[in-house]
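So the structure is just underneath, and the comments pick up after that.
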Amino acid sequence: MRGETYAVPGCTQDFADIAGTMEALMAGTEIVTMDESVRTTLFDYELSPPCEKIKVKELGARLLPPLYSLVFVIGLLGNVMVVVILTKYRRLRIMTNIFLLNLAISDLLFLFTLLFWIHYSRWNEWVFGHFMCKFLSGIYYMGLYGEIFFIILLTIDRYLAIVHAVFALRTRTVTFGVIMSVLTWVLAGVAALPEFVFHQSQKDVEQYICLPFYPRGQEDNWKRFHALSMNILGLALPLLIMVICYSGIIRTLLRCPNKAKYKAIRLIFVIMVVFFMFWTPYNLVLLLSAFQTIFFEVSCEQSKRLDVAMQVTEVIAYVHCCINPIIYAFIGERFREHLGHFFRRHVATNLNKYISFLPSEKSDRASSGSPSTGEQELSFVF
């Protein structure tokens, strides 16, 4: 090696060579020894330049903000309508409605944080401060876990109503629904607690970033814990409960065919299946990213591909916030009735001052004057 040359003659040249070597080290260039057969780079000493992901960031800055904005607008309108119809027309008289209301609130919490991530994705800089970084990151995951847990509760609710109908008459009360909802939000907060703790806003070169900063030396362990938590609570647990509950429901319906009961489980089943469709790709990529050092040899290109996959699957997962209201509109007959009544009564009445051919309030009253199936206390609101 050049640093091992101690010859006194020409020592000025030796010092120049040393200076050149140090300059090469600082520049991250390849160093050639006196023996041309022995060559080394900074990578050999684990001091390789960081993996540049400028193109990945540029892709995210172009792709994510418009898609997030679309998800935000559609999801906000849809879930606000669900909250309005549940509170205005159904009066939260049964436990199922309470769980559906909390499911919509979970989506709205999730969407609230999306406003800030839109700005962060567009400018690649966190400008909202340290507290908001912690708070919004925690609320993001609290909304996500809340959605998962309320879908699980809705599945169990359907199971009790159909398989254990007598027991359900005693337990499926509004009071019990409120208690379960409060406990579920507490559980969602506990599940999101690491995000409240570890997310920080710190300056990275010239810009502030908002990311989880785990204890030094434990980064990989915490990343894997996060990925496993998401996959256990977000995939494995709901899937296990769905298999158990719907196996019992199917057996009951095969013994005692009942069209009303079939319609009662159809919506909850679709909600859960759609949840898996939209969130499974993201959770699997998250798991793969956390355990990449075990699954394959880490390289810069591999890391870039995982980042792109994370961005794409994350957008797919976010779209799920818009889906539940659309499912209600297509599958829930009574939801469509209430939605139509709301628009005729509140929207069309105001627009009728300017557009004369819209349905009148009189026809709306005539159509809604007689009791409809929407007013019957069935086991499912929609």
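Note that Cβ sites are derived from N, Cα and C of the backbone, with glycine treated the same way.
Where the annotation comes from TrEMBL, it is an automatic prediction and has not been curated.
Features of the protein shown, as given by TrEMBL:
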TRANSMEM  67-86  transmembrane segment
DOMAIN    78-328  domain 'G-protein coupled receptors family 1 profile'
TRANSMEM  98-118  transmembrane segment
TRANSMEM  138-161  transmembrane segment
TRANSMEM  173-193  transmembrane segment
TRANSMEM  232-254  transmembrane segment
TRANSMEM  266-295  transmembrane segment
TRANSMEM  315-335  transmembrane segment
REGION    361-382  region 'Disordered'
COMPBIAS  366-376  compositional bias 'Polar residues'
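For the transmembrane segment (138-161), the list of distant contacts is 95-96, 99-100, 102-103, 105-110, 112-113, 117, 167-168, 171-172, 180-181, 184-185, 187-189, 191-193, 195-196, 199, 233-234, 237-238, 241-242, 245-246, 248-249, 264-265, 268, 271-272, 275, 379-380: same-chain residues at least six beyond its ends, Cβ to Cβ under 8 Å. Outside the transmembrane segment (232-254), and at least 6 residues removed from its termini, the chain residues within Cβ reach (under 8 Å) are 144-145, 148, 151-152, 155-156, 158-159, 162-163, 191, 261-262, 265, 269, 272, 275-276, 279-280, 283.
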